[in-house]
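Let me begin by presenting the structure, written as structure tokens, before commenting on it.
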Amino acid sequence: MKNIEKLEQSLTYEFKDKNLLIHALTHKSFKKSYNNERLEFLGDAVLDLVVGEYLFHKFTKDAEGDLSKLRAALVNEKSFAKIANSLNLGDFIFMSVAEENNGGKEKPSILSDALEAIIGAIHLEAGFEFAKTIALRLMEKNFPQIDAKILIKDYKTKLQEITQGKIGQTPQYETVRAFGPDHLKQFEIALMLDGKELARAIAGSKKEAQQMAAKIALEKLGSLQ
């Protein structure tokens, strides 16, 4: 049995039903008939509402579109995996030996899902307000400065607006290569403009690499802004 008391201390919440916490920590590779997918589904809905309400009250002058972008920047696999790592959540997840040997304890998707499942479990046992309090504490601890300008890093859209407006061209993103093991896959993206390479970036997802390449391109095209 894993020392889940340490996890409870980090969460600042002690489960009355320990089996519920174990359920939230059980990956489908460990036991297909008893895993955390349903709790993950619930936790995802809870977190979506918690963060949405938080942003609604924090950014009182922002339009719906900006609030949606802010929520998307916080409610995602990367952000949840960061929070999960702050809890050392990988140490507590039950998974098959094969999955563990494949780097399962470091996979952002597994960590993110487990965090959502835990929030779902807290909601089931203690109610929405308890889940909300814990979720916000974890969010603010890992993202102490929730700034709209920092979070909404949609460099691709900004670059496209500039290039279309100034030179009538739309940037193209080409995958140069994908490399590394499955759980640490990296993607190299080349940003092409008018048939010429303008920037190149490497990241853990195509989307992130494209955003990084767009940011580099924006810096190069600073005179167009």
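Glycine is no exception: its Cβ is also placed from the backbone N, Cα and C atoms.
These figures come from a predicted structure and were not determined experimentally.
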Given that Swiss-Prot annotates Asp113, Glu116 as binding Mg(2+), state which candidate in Glu37, Glu40, Glu197 belongs to that site as well.
Glu40
Euclidean distance between Cα atoms of Asp44 (active site) and Asp113 (Mg(2+) binding site), Å:
8
For Asp44 (active site), what residues in its own chain, 6 or more apart in sequence, show a Cβ-Cβ distance under 8 Å?
Glu116, Gly120
Lowest local Cβ density among Glu40, Glu116, which the record lists as recorded positions, within 10 Å:
Glu40
Go ahead and report the DSSP secondary structure tallies for the domain 'RNase III' (4-127): helix first, then strand, then coil.
88 helix, 2 strand, 34 coil
Using DSSP, break the domain 'DRBM' (154-223) down into helix, strand and coil residues and give each count.
33 helix, 24 strand, 13 coil
Around Asp113 (Mg(2+) binding site), how many other C-beta atoms are within 10 angstroms of its C-beta?
27
